[in-house]
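Before I ask anything, here is the structure I am working with.
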Amino acid sequence: MESTLKGIRGCDAPGVLDMDDAATVGGGVGDTYGEDCATEDQLVTPWTVSVASGYNLLRDPRYNKGLAFTERERETHYLRGLLPPAIVSQELQERKIMNNIRQYQVPLQRYMAMMDLQENNERLFYKLLIDNVEELLPVVYTPTVGEACQKYGSIFSRPQGLYISLKEKGKILEVLKNWPERSIQVIVVTDGERILGLGDLGCQGMGIPVGKLALYTALGGVRPSACLPITLDVGTNNKDLLNDEFYIGLRQRRATGQEYADFLQEFMTAVKQNYGEKVLIQFEDFANHNAFELLARYGTTHLVFNDDIQGTASVVLAGLIAAQKLLGGTLAEHTFLFLGAGEAGTGIAELIALEISRQTKAPIEECRKKIWLVDSKGLIVSSRKESLQHFKKPWAHEHETIGNLLDAVNAIKPTVLIGTSGKGQTFTQDVIEAISSFNERPIILALSNPTSQSECTAEQAYTWSKGRAVFATGSPFDPVEYDGKIHVPGQANNAYIFPGFGLGVVMSGAIRVHDDMLLAASEALAQQVSEENFEKGLIYPPFSNIRKISAHIAANVAAKAYELGLASRRPRPRDLVKYAESCMYSPVYRNYR
């Protein structure tokens, strides 16, 4: 991946490991109030601007415990009369809220209930999400978050995160200083141009950074106060939104070219100036033409990560590594065919090529020849090279022109078929029957989100392959019974990777992201797939163990950062897995002085 980005930067441009003093500044984050260091049985002080008490304490989501305040706390913090007399446990509160959420039949209602809880009682929100992750993950993130973004203006009640629009050009540093928290470790930022497979949603894309950071905390243990969701509002080209009376963003067409580049430059400079060198900036749902450019431009000067390119690649590679344990053989023995050649498809392809190169010691250019991509115009071949976007050019191989996926499958005869097209029902019966005709166990990954945009359903994949496919998707699908056997589809969800990856970056004090750190994350995830999982045909572990998985990913990522000389936290912890677990935020209520 670094080689692709270096091609965008220019041959003489510095790489990730080429540290330039001019590109670094002082700064960083600290645990000002002892949230990370304190154990659950230690007393903490509920600080806001001053010590929170009374009515204000009940309205502060970080410290509010509702009916779980003890008699002593009610007396000390002037809560007498502001609460009913009953005192209940956090566990009882959790059971009540889950019972209420399960009453809702509409997924968007469940999403809104969870967002209301997050704004009212932060620790209870995360306790609920951690303890019921498999049930609630589709509620707070894909697929429901897609609908939430589409209707964000209609359901908007209270702002979350920072909205930085073109109106703030020249004042972005001042806007960042308006955020009450100073110790920020992770920023997820979007410009809303390519939200999931739903297109340009403008300012209403804020649901994505909010949802991603909720998972950073619940799954990766990064404390909520260290997370900052940001939407950069540069306009929208979505005519429906521009004409929607409830739209919450700028009513103008998108800024492009130099105006856009200058705005992003000011933002990136301001973030480093305000929060220091070690804040992780995750680019999220930027359009292809900007995503690669931003990663190439800032990858050598900032701690940046693009989940659509790098996170997706890492989680898919982990599934493919695990699949080799299930099927036998090596990655180098496979031929890969992608439907979709955008940031996800090319990012996955590049990481696969890097891993094959690492395993075989062959040049990466040679390894790329095992990987073929189909875009909207057909198979990417060398005769199309002059008209291709820069990130597609490495995948233009010698072959005759082919105009559609089915013909490409029959000509290339792939063993692995990967969908990142963002278009539903493109893995047709003919396509799946074709790949199944020359593979005993074809690997089929339908990765597009949300569920409606998946290239095929689990039922279609198992039925058309006669139950032989090793199958995974981007969004969740129910188990399928075929020929008397229950098939459980895996979910190649980025949530396996980015929370643990982020924790590893933060706990090591890494100052740059390197491709080898992504490979380390993939290997750690693949190692968590058990024999029991393999017996069900799964190539990913269950989400119920996600915090344990994240700790192992974080440890592997941190170890690689230390090995590459990119980690700044010294001395290096002896047991990185235990250290990762000790760094994780706990949602259990604290007792107040």
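Backbone N, Cα and C define each Cβ position, glycine as well.
According to TrEMBL, the protein has these features:
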ACT_SITE  Tyr141  active site, proton donor
ACT_SITE  Lys212  active site, proton acceptor
BINDING   Arg194, Asn449, Asn493  (S)-malate binding site
BINDING   Glu284, Asp285, Asp308  divalent metal cation binding site
DOMAIN    118-299  domain 'Malic enzyme N-terminal'
DOMAIN    309-562  domain 'Malic enzyme NAD-binding'
Check the Cα distances from Glu284 (divalent metal cation binding site) to each of the recorded positions Tyr141, Lys212, Asn449, Asn493 and keep only the ones within 10 Å.
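Taking Tyr141, Lys212, Asn449, Asn493 one by one, the ones whose Cα falls within 10 Å of Glu284 (divalent metal cation binding site) are Lys212.
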Looking at the binding-site residues Glu284, Asp285, Asp308, which sits with the largest number of other Cβ atoms within 10 Å of its Cβ?
Glu284
Please find which two of Arg194, Asn449, Asn493 have the most distant C-alpha atoms, given that the record lists them as binding (S)-malate, and give only that distance in angstrom, rounded to a whole number.
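For the residues that bind (S)-malate, the greatest Cα distance is 18 Å.
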Of Tyr141, Arg194, Lys212, Asn449, Asn493, which recorded positions come within 10 Å of Asp285 (divalent metal cation binding site), going by C-alpha to C-alpha distance?
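Those close enough are Arg194.
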Could you list the residues of the same chain, at least six apart in sequence, whose Cβ is under 8 A from the Cβ of the residue listed as 'active site, proton acceptor'?
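In sequence order, Tyr141, Val188, Pro229, Gln282, Glu284, Asp307, Phe498 meet the Cβ cut-off.
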Taking the Cβ of Arg194 ((S)-malate binding site) as reference, which residues of that chain separated by at least 6 in sequence fall under 8 Å from it?
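Those within reach of Arg194 ((S)-malate binding site), by Cβ under 8 Å and sequence separation of 6 or more, are Asp200, Asp285, Phe286, Ala287, Asn288, Asp308.
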For Asn493 ((S)-malate binding site), what is the tally of other C-beta atoms lying within 10 angstroms of its C-beta?
26
Within the chain of Asn449 ((S)-malate binding site), which residues six or more apart in sequence place their C-beta under 8 angstroms from its C-beta?
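Residues satisfying the criterion: Thr142, Pro143, Gly146, Leu196, Gly197, Gly474, Ser475.
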Write out, in the order they occur in the sequence, the residues of the chain not among Glu284, Asp285, Asp308 that have a C-beta within 8 Å of the mean position of the C-beta atoms of the recorded divalent metal cation site.
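My list of surrounding residues reads Thr190, Arg194, Ile195, Ile208, Phe283, Phe286, Ala291, Asn306, Asp307.
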Provide the number of Cβ atoms within 10 Å of the Cβ of the residue listed as 'active site, proton donor', excluding the reference atom itself.
25
